[in-house]
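So that you can see what the record holds, here are the features copied from TrEMBL:
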ACT_SITE  Asp34  active site, proton acceptor
ACT_SITE  Asp174  active site, proton donor
BINDING   Ser7, His65, Gly141, Phe142, Gly143, Gly144, Asp174, Gly175, Gly176, Gly196, Ser197  substrate binding site
BINDING   His32, Asp34, His65, Asp174  divalent metal cation binding site
Amino acid sequence: MAIIAPSLLAADFLNLSKDIELFNNSEAEWLHLDIMDGRFVPNISYGFPVLEKIRKATDKVFDVHLMIEEPEKYTEWFKAAGADILTVHYEACRHLHRNIQQIKSLGMKAGVALNPHTPINVLYEILPDVDMVLLMSVNPGFGGQSFIPNTINKIKKLRTLIDEMGLKVEIEIDGGISAKNAKEIVDAGATVLVAGSAVFGAPDPVAVIKELKSF
Ligand code: DX5
Ligand code: ZN
């Protein structure tokens, strides 16, 4: 049974309190928060004032996905805004090991994210230091895109590597997930499912979360 992390990006920004309430009353354990800077990805999302407000409206885990250049500049800011898990992109970090240690030294869990084209084997030396790997199953920057099928092979490779190294690292998959493909993703070895449009775009988000949880 996977952890479900609805992505706020697909919520109704004019009615955020309604969507947060739905989320609070659902079986989802984490809230996935996508931070985009218009440089690492060709889109800009939302920032600290939004996170700080939502932090006061839920006790669930804040799973913050940084799609930004130079994430090390903002680590303390995200801690102050309430992040529990902070994930940086492999492709955005010149000193990934240092960034991971910085996140953990502030008491947050640390994740590393890979774009669809980045192979699993770049994780070999950093895997013992991270709490989570986020595999992008779409190109980052936008919600509502289609799941890239090759992600299933990447999940299987990562599952094998984590098990061979005897580690306990969450595998989070992000992009294009719905009740149609969730089972295959969980069966391949994923432990956390992000879903934006499939949840907040549905007439009954709580029911969709329940269904995703059942795989
Ligand atoms: C994409 C984001 C995703 C996105 C997922 O760059 O990282 O978290 O919100 O949205 P869906 O589930 O609609 O693909
Ligand atoms: Zn994301």
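Keep in mind that glycine also has a Cβ here, set from the backbone N, Cα and C atoms.
Among the binding-site residues Ser7, Gly141, Gly176, the ones whose Cα sits within 10 Å of the Cα of Asp34 (active site, proton acceptor) are Ser7, Gly141. Per Cα geometry, Asp174 is the residue among the recorded positions His32, His65, Asp174 nearest to Gly143 (substrate binding site). Contact annotation for recorded positions (Asp34, Gly141, Gly143, Gly176, Ser197) versus ligand 2: Asp34, each with CB under 6 Å from a ligand atom. Apart from Ser7, His65, Gly141, Phe142, Gly143, Gly144, Asp174, Gly175, Gly176, Gly196, Ser197, the residues listed for substrate, the same chain places the Cβ atoms of Leu9, Ala10, Asp34, Val138, Gln145, Val194 within 8 Å of the centroid of those Cβ atoms. Other residues of the same chain near the divalent metal cation site, with their Cβ within 8 Å of the Cβ centroid of His32, Asp34, His65, Asp174, are Ala5, Ser7, Leu9, Leu33, Asp63, Val64, Thr87, Leu134, Val194, Gly196. Here the binding-site residues are Gly141, Gly143, Gly176; the one with the fewest Cβ atoms within 10 Å of its Cβ is Gly141. If you draw a 10 Å sphere around the CB of Ser197 (substrate binding site), it holds 16 other CB atoms from the protein chains shown.
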